[in-house]
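S.K.: What TrEMBL lists as active site, O-(5'-phospho-DNA)-tyrosine intermediate is TYR152. Residues or ranges marked as Mg(2+) binding site by TrEMBL: GLU247, ASP299. What TrEMBL records for 125-187 is domain 'Spo11/DNA topoisomerase VI subunit A N-terminal'. What TrEMBL records for 191-240 is domain 'Type II DNA topoisomerase VI subunit A all-beta'. Sequence annotations record features per position, and here TrEMBL assigns domain 'Topoisomerase 6 subunit A/Spo11 TOPRIM' to 242-411.
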Amino acid sequence: MEIYKLQDLYLLIRTNTKNIVINKNTYIRNIKADYSFHLFDSYLYYFLLKCGETVITSEERNLAAKKLLKLANGMYEDIIRGKRPKLTFPIRSLANAKFDVEKGTFAILGKEKDRMLTVNQAKIFAQTIKMMEFSKGLLDTNDFSTLREAYYVSKNWGEARFDDQQPSNGVIEDIEAASEFLREDLGFIPEEDGAAVIGPLRIVDRTAEGDEIKIDCTKLGSGAYSIPNDVTKLEFETKADFILAIETAGMFARLNAEGFWKKHNCILISLKGVPARATRRFIKRLNEEYKLPILVFTDGDPYGYLNIYRTLKVGSGKAVHLADKLAVPEARLIGVTPQDIVDYELPTHPLKDHDIKRLKDGLKNDDFVKSFPQWQNALVQMADSKVRAEQQSLAKYGLKYVVEEYLPAKVEDSSTWLP
């Protein structure tokens, strides 16, 4: 029987939930606890009642909507069987992952945690159901919400509202993990700006009204194309030879101003520090669909290697369960390497305490580093030298040196790259 059609669904859920969570010989004397159960019960009821039908044009969004319903149905089934309703999530940390040498990314080990409905957990269950309902509404209407907007929307949820944004983001991450869909596929986008792109690439996108538009990334003047939060709908046309992903906006501006992409038939992408999800998905699509080599150019420091480059290549600990969808294992670091600092006699800065700590942690605990002798040697070399160097230090030899000498030589000599 379709559970959405049951007239007594709310009463059924209400009665069973209290019987499951509260000992039969115990009365609920705490009014606040009782009200928390009421929040969960009513939200689950209305979610199932309102969201039973789904007609969504996007295949990915349609699958995501169905998964949300499946999760809610699972809680309902637990209740009518006399079990505590629960949500199951993969543990999202490197402690639950290992580096898969064949895939070139982190692979999750399968450890999970269950969030069971208890008196203390009733409110967060209610908030989760409410956020699932909000997500389903976004999918149904082909809309989106920033993470900040989602937090403020909750201010209309009465006692289930969030007091600050961090718990709101956490619930969205829980739904993402439980559903196995990226939060972007669930209708949620971050606040961060997209990375900048310039070079021989045509992008087919659509306006808000659904009209097709083509963007030629060679005809943007002194500006650049900004990667949107949702890159799944984009179509690409390119005959580029490779992608050069650059850590800093300043270096990106230098390479663009000097026409590096024209001379070397490449696409330049400014990572703007640790690359955002949309940037990683954008690069991953170009790599997979056009087999474009991905070359990465960062500062010569632990942050550039173990935060920026490593996140792009193998994924992050917080999103280890999404590595297959975000990581770009074919990426290679072309500079600035510790050996470059020596060979080019670059100006340096002393390593700070947190730099040294990061190097030691990488050498001791990072499965990615331990899987590549080249990276072990490079980090040991940097630790021994006690110095780091910025991309801009190449300006020691003139502003055009990085464009005319350093990068052309590095692109040609793959023996100087790090895996």
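Yeah, the Cβs are placed from backbone N, Cα and C, and that goes for glycine too.
Automatic prediction, not curation, is the source of TrEMBL annotations.
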S.K.: Does DSSP give GLU247 (Mg(2+) binding site) helix, strand or coil?
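M.R.: Where GLU247 (Mg(2+) binding site) sits, the three-state DSSP reduction gives coil.
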S.K.: Would you say which of the binding-site residues GLU247, ASP299 has the most Cβ atoms within 10 Å of its own Cβ?
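M.R.: Of the binding-site residues GLU247, ASP299, the highest Cβ count within 10 Å belongs to GLU247.
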S.K.: Could you check what DSSP calls TYR152 (active site, O-(5'-phospho-DNA)-tyrosine intermediate) once collapsed to helix, strand or coil?
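M.R.: In the DSSP reduction, TYR152 (active site, O-(5'-phospho-DNA)-tyrosine intermediate) maps to helix.
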S.K.: Would you mind checking how many other C-beta atoms are within 10 angstroms of the C-beta on TYR152 (active site, O-(5'-phospho-DNA)-tyrosine intermediate)?
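M.R.: So the Cβ neighbour count for TYR152 (active site, O-(5'-phospho-DNA)-tyrosine intermediate) comes to 14.
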S.K.: Can you tell me how the residues of the domain 'Type II DNA topoisomerase VI subunit A all-beta' (191-240) break down into helix, strand and coil by DSSP?
M.R.: 0 helix, 20 strand, 30 coil
S.K.: Between the Cα atoms of GLU247 (Mg(2+) binding site) and TYR152 (active site, O-(5'-phospho-DNA)-tyrosine intermediate), find the distance and write it as a whole number of Å.
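M.R.: Pair distance, Cα basis, whole Å: 33 Å.
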S.K.: Quick check for the class: what is the C-alpha distance, in angstrom and rounded, between TYR152 (active site, O-(5'-phospho-DNA)-tyrosine intermediate) and ASP299 (Mg(2+) binding site)?
M.R.: 38
